[in-house]
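**Q** First the structure, which I've put down as structure tokens, then a few questions once you've had a look.
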Amino acid sequence: MSTVSTRSPASTDPDSAPEGGAPQRTGRRRTVRDKQWPAYVFLSPWMIGAGVLTLAPMAVSLYLSFTDYNLFDPPEWVGLRNYTEMFTEDPRYWRSVGTTLLYVVVAVPLKLAFALGVAMLLKNLGRGRSFYRSAFYAPSLLGASMSIALVWKALFNDGGSVPEALGWIGIDTGGWVGNTDLAVFAVVLLTVWQFGAPMVIFLAGLQQISPDLYEAAALDGAGRWRQFVSITVPMLSPVVFFNLVLETIQSFQVFTPAFAISGGDGGPADSTNFYTLYLYERGFTASHMGYASAMAWMLLIAIAVITAILFRTSRSWVFYADEEGGR
Amino acid sequence: MNLAVKRRLPHVAAALGLLVLLYPLAWLLATSLKPADEVLTSLDLWPGKLEWSNYTTALEGVSGISVGRLLGNTVLIATGAVIGNVLSCSLAAYAFARLRFRMRGVMFGFMVATLMLPHHVVLIPQYIVFNQLGMVDTYWPLILPKFLATEAFFVFLIVQFMRGLPRELEESARIDGCGPFRTYWSITLPLSRPALITTAIFTFIWTWNDFFTQMIYLFAPEKFTITLALRSFVDTSSMSAYGPMFAMSVISVLPIVLFFFVFQRYLVQGMATSGLKG
């Protein structure tokens, strides 16, 4: 980071600091520091947004999670009842937690494995690399749309291309969309289809690994697998970590594909009732805003805990060659 | 001979992978042109007969609202969001990247932390506020937050970009008597063009693809976006309307595809830098 560590005095009289002449300026890279108020002008939209649209709503939804609230009557304080109901009396809640966890645990590693594999393939492709990079990236932009979710539903439905193709090679799955065990995997595959975004990041990371390392390893007789394990993996681990955190956080919040594939109800038999779908149903369809707020806070806590665990474990497997985060 | 095969192998693998990856898009295009009786009986990608009437049916739109109107609505929201994000995020980013002020570290930390915040935690209170302001079923809840730099991802992206810019130009501008606002507007902003373009394109595409927020806030069919219309089209029509439904799907993803072709360089680079300079 290229910040300058000298603190500016709490109050600076503009008249005593004539243009270009603050006395303690020594470094070449001094920035504007004479007055603080312009900074707050620049920040004012962000500060209003952070206060009014982030911090205050967080506090309000925490409060609402301890109430019964239907949007029309004033909220009624019920203490921990929403939470106890969620944990002890609502099997659908646990079903949605299970579905979402299954999805995250399968989809995120699979997507990242594809992204890394294809990035490795493209790295040494030579001609055509940037064409393939762009082409593989395209699904990442389209995959979140309703249109593609509808295509997915048709492809995995009874008689759709995927069950038919699997039938040709002797695997008879029937339609995935109507199958309580397979429906969630249709959503998983839609996520994996969008491996292009992490792939682009991996590819950029791979290109920053110095070729000298591979040459030295090859001279020492290291084979390709050994080079992958001993050079590529450690050198790329910060990028893997970045992608892992990002994809995990995003995956917990998946909504549109599950909504479209299940026709909006999380079916069949709640098998695609992802956490966000259930939250929407309880909050906006059934008008239990208090309960939905409690669910939102549990989601926040879950994401915070999982992110913290990832950061904790990262100490043992993420390798930073240069602590300055060099390029 | 063995060597030639070995050298070709990655190309063959990449080409095959691309075919699999693009199959859903080819299927979408093919189905949008198939007559109703072919949709469910034939797995052929190429339609036996091109049914252009699927598109004329689709263009009529939903509940008497034409597709032109629906696309116009979506463009309006997306444009508002783009202007809001580019303006407010670059303002905040300039302060974080270039100016000293008290609580800077705390505020920057908070901004980065909101990258991880699930939207659902603020969703319901925001809805209550917009509801009380009488803004539900208007475009304000979809556009206004973008003018308040609520998308930390873009603030972060622009901060990272601005930090990489040489300071000399800004320095000399300041010595020539440019205040921070002039410097921001005439020096830093033009230099940050790549980051701003990336922000604009991603905002446009994400707003275009958004479904959840639009579904929550918009009710009147004449205010619908193309995504909402597509969904209500699915709800109201039977299997026989498969062709028109996918014709409408093609129309709704077309702007994204066009954006992709025009701006792919910025998209791919923006993605790569946001991930690496963290």
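Cβ coordinates come from backbone N, Cα and C, glycine included.
According to TrEMBL, the domain 'ABC transmembrane type-1' annotation covers B:71-263. Residues annotated as transmembrane segment in TrEMBL: B:12-30, B:75-96, B:108-130, B:142-162, B:183-208, B:241-263.
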**Q** At a threshold of under 8 Å on Cβ distances, which of B:12-30, B:75-96, B:108-130 pairs most often with the transmembrane segment (B:183-208)?
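**A** The stretch I would name here is B:75-96.
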**Q** Do at least three CB pairs under 8 A connect the transmembrane segment (B:108-130) and the transmembrane segment (B:241-263), leaving out pairs fewer than 6 apart in sequence?
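**A** They do not touch: fewer than three Cβ pairs between the two stretches lie under 8 Å.
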**Q** Sequence-remote contacts (6 or more beyond its ends) of the transmembrane segment (B:142-162), Cβ cut-off under 8 Å?
**A** 77, 80-81, 83-85, 87-94, 96-98, 111-112, 114-115, 126, 135, 188, 192, 194-196, 198-199, 202-203, 207, 210, 213-214, 217-218, 270, 273-274, 277-278
